[in-house]
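Report on one structure; see the data block that follows.
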């Protein structure tokens, strides 16, 4: 283990490894503060379950447009650099909202202000996620391809550790600290991330060949002789300006024109790069081999209403489960996620993706049935405690969701054509995130339609029954997944 870490350190540098681990750890540790957000919406603002889920759905929308951040950072350098300036910007966007929410009682006492700040914070987190992924890809490409899997393993491990720590400490913090204190405590990580950005050196983008800029400068020099008419037409307007010496005025005007042309050329290059990247991404995505599977994963999310926020209300109000226990349940969920990854890699890679996705949806329906047993209180008749049901359901649910997510990762990686792997993969992840967001909206709508609210859970069983039925709708569309595709061999 120590030898492996030394190899990674010598290959990528201590500063870069530290930044990667810190960003992914922070992504996992977000559960520490988002648990507090859940209680802020429920107890302080007294929002209904559907209203709380609406706030979460809007706040997490920035994760649904991740390719936009990648395209912008690829095509529009800041200060000659493509990564670190955007990483600094994204870190500031991640830091400031939590700082304001911790210090300003008005901002956290209004559902609108809270939703806006949470959306800005997610914008920063999503952008940082895209930028660090791009930096990892670039670092691996610089003659270190043999370490690609190792670097990804380090990042996923850091996120898992962050998730476990955040879930454990989040429950403890809610039991012993004020919510505004939790918001302020979390700012330590993005603040540390901001300081760490200065430790990583990036090769300026303008050190790379930029034919468009060089060609435009050469064109400007070569076209001076043919621009006499243009200069003549501007001569009279130049004379009307403040009196200056003729020679100095001509030099100043020439310099101004040159700067203007360079600026125009740079803006034109950015526009053309953005246009080319967008159209290239669109052309790749329109291919049936890519469009059809991604359509299935999107359908699989939007057809199943997400009632997780409603269940949170039920667990805290009806079952009287405290924050510390719910934090423990999330830790068990993280362990279930790791177990699901192990099971898929060890036993299910040879299975066709259609079959593994079918089993995943059957498993998801079983987890919802367990929630129905919990809501009906039938578990008490068999001597099974509510806490046992919640812990088991959390572990099983996250494990099965990971069994569904692994085929998505495998298929996404396989479908990405050379040259635009990073951006197209970000698009795939955005589709997955957008599907989750729409599913959350659907859950909020269903809860509102059934009249499920704080203190009124009579129709909770019906909502879960509808969710079970909807779980099987995506199965009807499995024909969109390549028939022979498995986890180890291309279709």
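Note: Cβ is positioned from N, Cα and C throughout, glycine not excepted.
TrEMBL lists region 'Disordered' for one of the ranges 131-174, 175-218, 219-262, namely 219-262. Non-local neighbours of the transmembrane segment (461-481) in the same chain are 292-293, 295-296, 299-300, 303-305, 307, 310, 353-354, 357-358, 361, 364-365, 368-369, 371-372, 375-376, 411, 446-447, 450, 452; each lies 6+ residues outside the stretch with a CB under 8 Å from one of its CB atoms.
Here the transmembrane segment (12-34) touches the transmembrane segment (153-175). Their Cβ atoms form 3 or more pairs under 8 Å, with each pair 6 or more residues apart.
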